[in-house]
Every structure is written in structure tokens, then in C-alpha cells.
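Student: I grabbed these lines from TrEMBL:
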type	residues	note
BINDING	Gly26, Arg29, Arg110, Asp153, Arg156, Arg159, Arg162	ATP binding site
BINDING	Gly26, Arg29, Arg110, Asp153, Arg156, Arg159, Arg162	CTP binding site
BINDING	Asp39, Asp41	Mg(2+) binding site
DOMAIN	21-141	domain 'Poly A polymerase head'
DOMAIN	168-226	domain 'tRNA nucleotidyltransferase/poly(A) polymerase RNA and SrmB- binding'
DOMAIN	250-388	domain 'CCA-adding enzyme C-terminal'
Amino acid sequence: MDVFEPAMPILSRLKEAGHHAFIVGGSVRDYIMHRPINDIDIATSALPIEVIELFDQVIPVGIEHGTVIVRHNHQSFEVTTLREESTYSDYRHPDSVSFVDDIIKDLARRDFTMNAIALTPKGELIDPFHGQSDIQQHMIRSVGQANRRFNEDPLRMLRAIRFSAQLGFSMDQQTTSALLKQRSLINTVAMERIKIELDKCVSGAHFHQIIKKSVTIQLLRTLPIFKDLNETLAELSVSQPFFALVDVFVYLTMKNSALNVTSLANVYRFSNKEKVIGQSLVDCLEAFKEGVMLQEIMYHLDYHHIDRFNRLLMALYHHEFSTTYLQSLKRALPIQSRQDMAISGRDLQMMFPHRQRGPWIGDILELLEKKIITGQLKNQQEQLKEWVKWSYPTENV
């Protein structure tokens, strides 16, 4: 129970005020599985307005559905009133909710049995749908009727695949059949939500196994881009998981010249930062394929992306370096960016005062940059000036 200690003051305050309070959701599942705990969610009989009155720092993020964020000791806890839900006309939010005072009724609305377990402040597990048994059997089973759960929020189908990829669990027959029957509903889900689940899915330790399964392939074939890659999907079964969906798109781009990583990323509403990462990885992989020196590739690759570059090398070309070696190679470079060069554009203009500023300055700096990186020139201003003076074609300046 020590892992839940940060949440105990909130549970105690709710109990002191006469309310029931439980820890629920993925943190309970991970606690049972002895996995690291991330966010701690709390379910309570207290109404949202009562929670707001009890705590000093409260953010009413989803108060209409009974959810608020309580801030305590610089941590955030999602606190939701116990509730029952009606139908989901928009395939995401219930048309209405009814607040209840029964934890079992609240657990009955959840997606899978392993996520429908509550923990009391005393450490007792409330498990009306036998989630612990399913965890022991490595089974993903829907709470109640799988068809209804997926119809309420079709993203749950992709969550089932994601949990398989992360935990190595299999879906029971009812859940699998419902997923295959209703898989077209996944296209009613916002692309941003799909992207988040796919990020978690492709980075799962068991992704290389679940990508071979028919149920996974058929669901992915329902999604944009993947539906046109029937023969390539099985190839995504790589020895090491991808870091994120953008890595998969880098892989696909390198395998198929007709594809473009930025265009693929646009379909799934990637951030500009992710697009830059994707294009950088493609550029570095292309450079490797063309025989560019590793030092030059490492220079242009962000230090934090070296491991994912290395994994892509293995997936694409079955060629892998030690990540530690590549990191040390980058650290040992004489410069880490153009700002580290001992010569600047201003220096070059002073060398050729008769020339107006123009592209020629950037051209020279780029050439010097490459020679410094590859060890052909030392990063010393006089040596660099001498090379420009005697080696760079006069007509170019």
C-alpha cells in the first residue's frame, strides 16, 4: 500500500466528511501485477460540489460527469463521483449520468474486468467481476456485454489491443468477436485519441507478438494508412518495440518510397515537434543507406533520439550498433552545432568585404561544418580561414 501513500490524505479527508472513497482504475491493476504505478484515480460517494468544498486546490475539469482534479503536495488526483451511465449517442460521452452510492454499480460501467477493481483505504480489494482471476490468466475480458462496451466508446477496441501489446494478455472469445463485429466504429473516434492509443500500443513490449494476430490486423486495417498496407503490417513485428507511432511511419516511409513521413503524420494529427523528429530520423536513415559517415549522422541526430534510430536500423537493415557507442561518438564530436564553430558568417564577410551577404556564406559554413565533423579540418579559426582562402573556388565567393 506504500505506493498509494500520496493519495491517503485525500481518502482520509473524504472519509472524515462521511463519504466512501476508493482507489480505482489502472493503478489498482498495476498494483496487483506489481507494475509501476502512475496516475492514482479516486472514486467517491461525495458529489463534485462536496469535493470542491473539502479541498483547497480543485480543478473542475469534467464536473458535469462528476470528475474534478484535486491537487495535493504538488500531485494531481482525478476524483470522480460514483455513477451509473446511460447510452452513448456520440460514442464517447454518456448522454446522462446518475450519481450513486454503490461502488459495484460504478465498477460495472468500466471497460475490462482487470480495470474494474477497487481498493479501500484499508487495502481490501473489491472485485465483483473477477478481474484478479483474469489478470492471473492474462485475459482481457469485457465487463458485461462486450458489444455494449465497444458501442459506448469504440476506442475501447483499440485499448484492448494496446493492453495486449503492453501486458502480453489475450482477449477472451466474447471480446474478440465483439471487436471484429464492431471494428468499423473505430472511425467514429477522433484521430487524436486514436493516435494516443497507437503510441502506447507500438511501444508495448509485446507489440511484435500481437501485430501478427488476425484481430489486431483486422482492426488496424480499418484505420487510415494501415488499411492500404496489408502486406507490410506483419513486417512491423520487429525484435524491439518502436518508441511511438512516428517511428512506425518512419519505418513505412523507408520501406515504401511512395510514402512520406510528414504526410502520414498529418493524418494522425501529429504535433510539429513529432513531425520534425520523424523527418530527422528519415534523413539520418537515408544518409546511413547512402554510406554517409556515422559521425556526420550523429551530428545531425538529436542525442535523445539515438536509441530509436538504432532500433530502426535493426528493424530495417538488421544492422545495429551499441547505443552507448553511438552516444559516445556524438559526445566526442569536435562540435555539437554550427554555433560551436570557430568561424562565423561575420568572419567570412570580413574576409571578402567586396561581396554582399548571400547564400555563399551558408554554403561555406556548411562545407566547413562537414569537414570539422569528419576530422578533415580542426575547429581552429586560422586553419579554417586558410582553407577557405586557398581551397574554396574563388568564383563562388
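Including glycine, each Cβ sits where the backbone N, Cα and C put it.
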Student: Indicate the candidate from Arg159, Arg162 with the smallest number of other Cβ atoms within 10 Å of its Cβ, considering only these binding-site residues.
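Tutor: Each of the binding-site residues Arg159, Arg162 was scored; lowest Cβ tally within 10 Å is Arg159.
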Student: Spatially, and counting Cα to Cα, which of the binding-site residues is closest to Asp39 (Mg(2+) binding site)? Options: Arg29, Arg110, Arg156, Arg162.
Tutor: Arg29
Student: Could you tell me which three-state DSSP class Arg162 (ATP binding site) falls into?
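Tutor: Looking at the DSSP assignment, Arg162 (ATP binding site) belongs to a helix.
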Student: For the domain 'Poly A polymerase head' (21-141), jot down how many residues DSSP puts in helix, in strand and in coil.
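Tutor: Result for the domain 'Poly A polymerase head' (21-141), in helix, strand, coil order: 31 helix, 39 strand, 51 coil.
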Student: Could you give me three numbers for the domain 'tRNA nucleotidyltransferase/poly(A) polymerase RNA and SrmB- binding' (168-226), the DSSP helix, strand and coil residue counts?
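Tutor: So the domain 'tRNA nucleotidyltransferase/poly(A) polymerase RNA and SrmB- binding' (168-226) is made up of 40 helix, 2 strand, 17 coil.
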Student: Would you mind pulling the DSSP three-state label for Arg156 (ATP binding site)?
Tutor: helix
Student: In angstrom units, rounded to an integer, how far apart are the Cα atoms of Asp41 (Mg(2+) binding site) and Arg162 (ATP binding site)?
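Tutor: Between the alpha carbons of Asp41 (Mg(2+) binding site) and Arg162 (ATP binding site) there are 20 Å.
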Student: Please work out which residue of Asp39, Asp41, Asp153 has the most C-beta neighbours within 10 angstroms of its C-beta, and give that one of the binding-site residues.
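Tutor: Buried the deepest by this measure is Asp153.
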Student: Considering each pair of residues in Gly26, Arg29, Arg110, Asp153, Arg156, Arg159, Arg162, all listed as binding CTP, report the largest CA to CA distance in Å, no decimals.
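Tutor: Largest pairwise Cα separation, rounded: 21 Å.
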Student: With DSSP helix as H/G/I and strand as E/B, how many residues of the domain 'CCA-adding enzyme C-terminal' (250-388) fall in helix, strand and coil?
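Tutor: Split by secondary structure, the domain 'CCA-adding enzyme C-terminal' (250-388) comes out as 95 helix, 0 strand, 44 coil.
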Student: By a 10 A CB contact count over all chains shown, which of the binding-site residues listed here is most packed: Arg110, Arg156?
Tutor: Arg156
Student: Can you tell which of Gly26, Arg29 has the most other C-beta atoms within 10 Å, given these are the binding-site residues?
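Tutor: Ranked by Cβ atoms within 10 Å, first place goes to Arg29.
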Student: For the domain 'Poly A polymerase head' (21-141), what's the model's average pLDDT?
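Tutor: Overall, the domain 'Poly A polymerase head' (21-141) comes to a mean pLDDT of 93.
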